[in-house]
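Worksheet: the structure to be examined is printed underneath.
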């Protein structure tokens, strides 16, 4: 520390406090909410453009529209999840249904991205030997396959007991007296 008379001394850090910069949950929820609302608005405009102009109606754009719908539905479920779970008076079955739909729409976005890639692969690489896939095949992949994964997840999740007290920690005991905390 530099003093007024231009001499140096050791600094005294005993009166300092630690600054913890962890944003609270409400701030994060507000940021997510605003971001999802803005995304919903822009995706709605894009869907309106694709729907309004007949010149834009083709298989590629219909795949794009389904991807946009999956994003919009996921964002809507995020907003519903943020509002319902923050109220804390929702029924247990309603919360399970909301979370299941949220996971379904989240997974469907990835499957629609896969469909986009599959369509481009078939269009570019398999140009001479390609079989024309109809929209229903892509819809089956984009909306149907996520349902399979969600059903498997829901069945497995229903067999796993959930503790009422979140502070309790389940333990798996492994030989050699080693405990693994899950």
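From the backbone N, Cα and C atoms, a Cβ is placed for every residue, glycine too.
Those TrEMBL annotations? Automatic predictions, nothing curated.
Model, not experiment: these values are computed from the prediction.
According to TrEMBL:
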- 28-182: domain 'G-protein coupled receptors family 2 profile 2' (DOMAIN)
- 31-53: transmembrane segment (TRANSMEM)
- 65-85: transmembrane segment (TRANSMEM)
- 91-115: transmembrane segment (TRANSMEM)
- 135-156: transmembrane segment (TRANSMEM)
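Tertiary proximity for the transmembrane segment (65-85) is limited to same-chain residues at least six positions away from its ends with a CB under 8 Å from its CB atoms, namely 29, 32-33, 36-37, 39-40, 43-44, 46-47, 50-51, 94-95, 98-99, 101-102, 105-106, 108-109, 111-113, 115-116, 138-139, 142-143. Sequence-remote contacts of a segment are chain residues at least 6 beyond its ends whose Cβ falls under 8 Å from one of its Cβ atoms, and for the transmembrane segment (91-115) they are 63, 66-67, 70-71, 73-74, 77-78, 80-81, 84-85, 138, 141-143, 145-147, 149-150, 153-154. Over the domain 'G-protein coupled receptors family 2 profile 2' (28-182), the average per-residue pLDDT in this prediction is 82.
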